[in-house]
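Features reported for this protein in Swiss-Prot:
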COMPBIAS  778-797  compositional bias 'Low complexity'
COMPBIAS  931-941  compositional bias 'Basic and acidic residues'
COMPBIAS  1235-1244  compositional bias 'Polar residues'
COMPBIAS  1317-1329  compositional bias 'Acidic residues'
COMPBIAS  1580-1593  compositional bias 'Polar residues'
COMPBIAS  1594-1617  compositional bias 'Basic and acidic residues'
DOMAIN    1036-1172  domain 'RanBD1 1'
DOMAIN    1333-1469  domain 'RanBD1 2'
DOMAIN    1702-1752  domain 'GRIP'
MOD_RES   T19  phosphothreonine
REGION    760-804  region 'Disordered'
REGION    924-945  region 'Disordered'
REGION    1214-1247  region 'Disordered'
REGION    1306-1330  region 'Disordered'
REGION    1580-1621  region 'Disordered'
REPEAT    60-93  repeat 'TPR 2'
REPEAT    648-681  repeat 'TPR 3'
Amino acid sequence: MRRSKADVERYVASVLGLTPSPRQKSMKGFYFAKLYYEAKEYDLAKKYICTYINVQERDPKAHRFLGLLYELEENTEKAVECYRRSVELNPTQKDLVLKIAELLCKNDVTDGRAKYWVERAAKLFPGSPAIYKLKEQLLDCEGEDGWNKLFDLIQSELYVRPDDVHVNIRLVELYRSTKRLKDAVAHCHEAERNIALRSSLEWNSCVVQTLKEYLESLQCLESDKSDWQATNTDLLLAYANLMLLTLSTRDVQENRELLESFDSALQSAKSSLGGNDELSATFLEMKGHFYMYAGSLLLKMGQHGNNVQWRALSELAALCYLIAFQVPRPKIKLREGKAGQNLLEMMACDRLSQSGHMLLSLSRGKQDFLKEVVETFANKIGQSALYDALFSSQSPKDTSFLGSDDIGKIDVQEPELEDLARYDVGAIRAHNGSLQHLTWLGLQWNSLPALPGIRKWLKQLFHRLPHETSRLETNAPESICILDLEVFLLGVVYTSHLQLKEKCNSHHSSYQPLCLPFPVCKQLCTERQKSWWDAVCTLIHRKAVPGNLAKLRLLVQHEINTLRAQEKHGLQPALLVHWAKYLQKTGSGLNSFYGQLEYIGRSVHYWKKVLPLLKIIKKNSIPEPIDPLFKHFHSVDIQASEIVEYEEDAHITFAMLDAVNGNIEDAVTAFESIKSVVSYWNLALIFHRKAEDIENDALSPEEQEECRNYLTKTRDYLIKIIDDGDSNLSVVKKLPVPLESVKQMLNSVMQELEDYSEGGPLYKNGSLRNADSEIKHSTPSPTKYSLSPSKSYKYSPETPPRWTEDRNSLLNMICQQVEAIKKEMQELKLNSSKSASRHRWPTENYGPDSVPDGYQGSQTFHGAPLTVATTGPSVYYSQSPAYNSQYLLRPAANVTPTKGSSNTEFKSTKEGFSIPVSADGFKFGISEPGNQEKKREKPLENDTGFQAQDISGRKKGRGVIFGQTSSTFTFADVAKSTSGEGFQFGKKDLNFKGFSGAGEKLFSSRYGKMANKANTSGDFEKDDDAYKTEDSDDIHFEPVVQMPEKVELVTGEEGEKVLYSQGVKLFRFDAEVRQWKERGLGNLKILKNEVNGKLRMLMRREQVLKVCANHWITTTMNLKPLSGSDRAWMWSASDFSDGDAKLERLAAKFKTPELAEEFKQKFEECQRLLLDIPLQTPHKLVDTGRAAKLIQRAEEMKSGLKDFKTFLTNDQTKVTEEENKGSGTGAAGASDTTIKPNAENTGPTLEWDNYDLREDALDDSVSSSSVHASPLASSPVRKNLFRFDESTTGSNFSFKSALSLSKSPAKLNQSGTSVGTDEESVVTQEEERDGQYFEPVVPLPDLVEVSSGEENEQVVFSHRAEIYRYDKDVGQWKERGIGDIKILQNYDNKQVRIVMRRDQVLKLCANHRITPDMSLQNMKGTERVWVWTACDFADGERKVEHLAVRFKLQDVADSFKKIFDEAKTAQEKDSLITPHVSRSSTPRESPCGKIAVAILEETTRERTDVIQGDDVADAASEVEVSSTSETTTKAVVSPPKFVFVSESVKRIFSSEKSKPFVFGNSSATGSLFGFSFNAPLKSNNSETSSVAQSGSESKVEPKKCELSKNSDIEQSSDSKVKNLSASFPTEESSINYTFKTPEKEPPLWHAEFTKEELVQKLRSTTKSADHLNGLLREIEATNAVLMEQIKLLKSEIRRLERNQEREKSAANLEYLKNVLLQFIFLKPGSERERLLPVINTMLQLSPEEKGKLAAVAQDEEENASRSSG
């Protein structure tokens, strides 16, 4: 709220009264000045701001505010001075620099300061239009001297912004001022192709003036005629554009003047017309535009005039529109516009569209209006009246174009709606999708009986936009579709129409059109609607400015909710009803299944939104929102009396959607519940369609009765419609088709019923119908119940009967081939025997051929149909599921009429031709694949002409096969004699004298007999009684063309079984153009190799059979739905369809969503088959020893790595290790160590066999091989399933790729992996484990030593962090990288530096020395970020950088600061820094890490007993070793799933990373760096167990632990351990162990080394650690496989846990899980290390012992928490 001057003065006085200090009063002057500025008291504002500047002279905001006040007073000099001072105080004010430059150029361009500030602003705003204008002003003041510079400036600006109107006009003006008119005309001609310029009034005015000046100049007179014609062409086009823009934006007087100027240009061009050139075509088109604009101007004059005679104006306007509409379209192309569209063609479409619609609008409701206009005004009098109404000048009419044009030849031609719809599409392209134009067109169609083609309009504008979305519930801009935009346009047109009707008052003349012509009508849509439409167009065409993209998306997203009636949409119910009715009507009129489904589906969506509102309307009215997208109109509010009718319409739409989806029964039930003519009509369509579908086949009596019932129901419903229409005429309006169409359909149904009553569909008047007159077809449609009520039933030219198309194609094919057959048939007639009875055909005698596959039709004779091609196998009408008319269009070259003698003629129809064939038809010369395993005879190798190609792939059924003798039907069987002599093709008998049995039946059989055999075989068995003749007839057939020898067809699918086959359309993604391209149409098969079990996917194109997909199916493949379709799946695979392996992204599109879902299920089932793992539930849990062995191997690896660390740190430790090895007590235990528990143990055990891994294997992305695990043999030493780094001949598993890139799937018939069990391999007692060999797919290159430059430096600090660099140009911190930041110290010169590399890429992002003058400072607002300045060399060159590093934790940040300060001190003292590594490892350095170890340990379960005799199990050790006694007992334990032979693999299982070592730590005596060296020794005849943990940090139970007080390393290595760190009693042992807390702190271990020795040891230790890290990196691939197998083990654990038979061990397993979870989630360190012996011991104890262990662990944890606290 703006304050007045009095309000501000009172407020200022009150504030000053409370402020005693003068300085404080002055400090408030800025605020007071702003208040006075708001009150527009600029003098008082200057007064207070000046008092503020006196005390705060360096405030840039105050100087800027003062400059603004001076600028308002137009005191430019003082304003510039204030702005300049503000910029000096704050140079970041870029906009103020531009402001100073603009003020100086505005004040005095010649001022030298202006040039300086313009150049300064140009550096800050490169490419800014404001800068260009300032530079242009500076160059203009230089006159002719600056023209060259100005020309260069304009050219450079045009290159950046070619659509800028001002720059183009400026260039043309520069050409004109320099007398370079030809260049100006050339630029105008070139720029006319730019749509942005064509829509500018200023640009078109400039072009018209330039072209007129050029035509009048001397240059034009000297030029040739073609140049003059081209210039005239451009001038006429410019006049047309200018006239259109002027009508929209200027007043009537300017429109008149411009139209008169346009008239003069047409008159001058008229005199020089000749021939069919560009100027003539343009002149004719511009004539039409001239009259169209004249008619629009007349109506505009009526809109703005007073006391207007609308009748006179409308009649003259109708005359103009008639002339414009009857101007023919141009026949030549003028030039190409945007997107290659012809410019004249688009202008002609726009003219015809506007003129046609205005003619219909003016003549609406007036009979013979156009005829009267032509009779009255199509003469000289009317022409004179038109001239007087348009032009006000007194020039003679004869010299003008309008006065001299001949208008007496026009006809009364009313536009056709079909033509208008076609013209509208071109007009939309001309207007580039303007919402105003689309709304105007919609309003014109709103008054016409036909529906507007909005769908076609939008498809012209948005080619690639999907028609419908499956995500109606979302409002994401990416989900927008054509239907959303169509609904939006419907809403805009609907509300605009209602608004126009409200404006038409009672004085509205009948001659005044409801909607004015497009150029003169006001804006028809709201600003909100226009902004949303523009935002959608910008996003779809990807023309958004980067900074404006988010705003556009938000705008589109907000209105999508309204369009889809989501949430609080605020739509008027009447509008929702309008949308639903329009969509239902449009969808019903479509022939496309998907069109119907999408339109009717969206209609149902809106009806569901309307129905709840209708219930509310019964009680209350719907509230109107404040600012809706579509305005509410109370004139169309739904009344309570209309609610029932709308609810009925909604339920009819629901039923129609059911019918479209194929739910016919539901649709029939719904329609029958609604008593209305619309439901009766739909029911009639449904039942008639059912009858048609049955009629297509040869009908049985039951089918005839069913068809008759359907036709009867159809007749009854049609009669109901006619009766209701006769009784109530208002009912007819609801009917979706004319009543005449209903009567026509009824007559057709009655005729069909009469046919049934006369003998069925195959009989008429007691005789057989002609085959060629009764062939019926069914045009395939995605839905067989296409409800099209908007069209007449059968006689509409747009939708002919479904069978006519196929019948016409069949008849055309017959006509083409009759001539080819006639010659041969004449020869056959001449050679035929007169004694033989002829086969009587309906017209002529043709040789018998076969029919194309899939052809169906009514046939005169069973087995002898009228046919077209000879390659199809079927003789019955058996339509294929994927019916394709291409089967009927085989090339004529396939037709080979067989020349035969008179002996080959068939019997007459009286005797019949009754071959007992199956519905699958005949097959010539080849059997079905299903019969290949049967014994077959070799086809006869003679000159027979009956061997055809293999077309078995087209039909699944089996049929009669000619050319085989074993179990097939042959012509030899047909004419078999009584003596039993057979018949062979091509065999000549010299004694043959003709048929002796002429006149008898050749073929007689019984269909029932063959029907019984059809279930087991597709071939006919021989029947001697059925095919015997009286004499032995040796029939000889002479082939017309000698057939080549039969070649066995090899497809590569011989040894494979078809698991799945379905017709699909395949697509391939082209990465170059980023589009899906169709690859072929055919059957997609999934084949299984019967030998090796491999599965592959194969697809061949139809007819040509070219392979378009051929690849293996692996478990790593993943089906993903294709966006925008629920019938398509896409996947990636190495495809071999082109011969070589190529990674392709493929997509298969199915006919229905059900088929797509079936394919997905089959695909996943095949992936599960690849796993080949049987699902078995163990009935008894038996411990086979695998879990125990797995834990043993893991612990061996850990202890080996720890001992290796200890070995690296101390020479004394090395001595101890050597002694241990010498006495056979190696702590790192070799990998041969096994656990040998008591053989007599009968406790409960676990079984780890019979894995069911199918569920998890599908998620496995590593291996596609199948794994089969089976129970192991009960041998003491078992063979392991997996083994690294060794090869064994008995290997059953290999990580070799299942797909070799050098061979295609069709060539690889051998399995790449073999699956077996442990029992399949014979092992001996000496073979401890099977060595599994893993052959790499791609060999690795030789290992190259990587030199990082950090070799001679120790890592003092290392932790993951994020580093930033300060960018001075933008004044912001910018992220430089994320990685490990290290502080390194050189061993030689003690220099310290900071090094940081980015993750993965390892690029340096920090590299500089730490100098004494450097200091770390906290960044404001956070304590975890340190900031410093250094000379950094990260980019190779020295550069001063402001750096900042951010850590995740506060203690890490503090540690970094501490080490940083120590580094500065250490450099001064020339000493080494004590290393501190703040974390153990990074993900990159530790591929496996502790999580993998924890998961591995979590997945293990075992139970063993304590070793007997003197061997005591050391519960605290990390490595278990067995007794070496000669007595060997069988261990019922499970071998581990993984056994690693390589030492480097073992080392990954260490629980800690190798750390830099600190001498003089506080570990207990006998420990070094946290590791115990008090290795307990056994007796002389037993081995020792090394203790890998002791000291203060390794106590299991402080209260019960007893340690040696004064022991050292030498004593511990020679003495026998008496007190163990942790031990538990067993059932067989009564030994009690006590645990006591040490009485005093153990003494520190001191090592007296020299400085050089310490440095040398640290170097060697660091190098060893680096070498260890290298080994860890080498086995990264192995770890990945390990982790995947661990996942499989986890899934098995979960399965076993769900087993009800594990009740006894469930509690123990639950506790073990809890301990393991504690181990996983504890931080690395002593707390985690202390759990290891607990876990190991627990896994070996009985349930009772584990319960005791639980109490021990609980006490330990409580003590640990108290000590840490």
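Positions of Cβ are set from backbone N, Cα and C atoms, glycine also.
For the repeat 'TPR 3' (648-681), the DSSP counts in helix, strand and coil order read 28 helix, 0 strand, 6 coil. For the domain 'RanBD1 2' (1333-1469), the DSSP-based tally of helix, strand and coil residues reads 20 helix, 61 strand, 56 coil. Secondary structure by DSSP for the domain 'RanBD1 1' (1036-1172): 19 helix, 61 strand, 57 coil.
Among residues of the same chain six or more beyond the repeat 'TPR 3' (648-681), those with a C-beta under 8 A of the stretch's C-beta atoms are 580-581, 584, 588, 593, 596-597, 600-601, 603-604, 607-608, 610-611, 690, 717-718, 720-721, 724-725, 731-732, 734-737, 742, 783, 785-787, 789.
Sequence-distant neighbours of T19 (phosphothreonine) (same chain, 6+ apart, CB under 8 A from its CB) are K25, K28. Here the repeat 'TPR 2' (60-93) is broken down by DSSP into helix, strand and coil counts: 27 helix, 0 strand, 7 coil. In the predicted model, the domain 'RanBD1 2' (1333-1469) has a mean pLDDT of 87.
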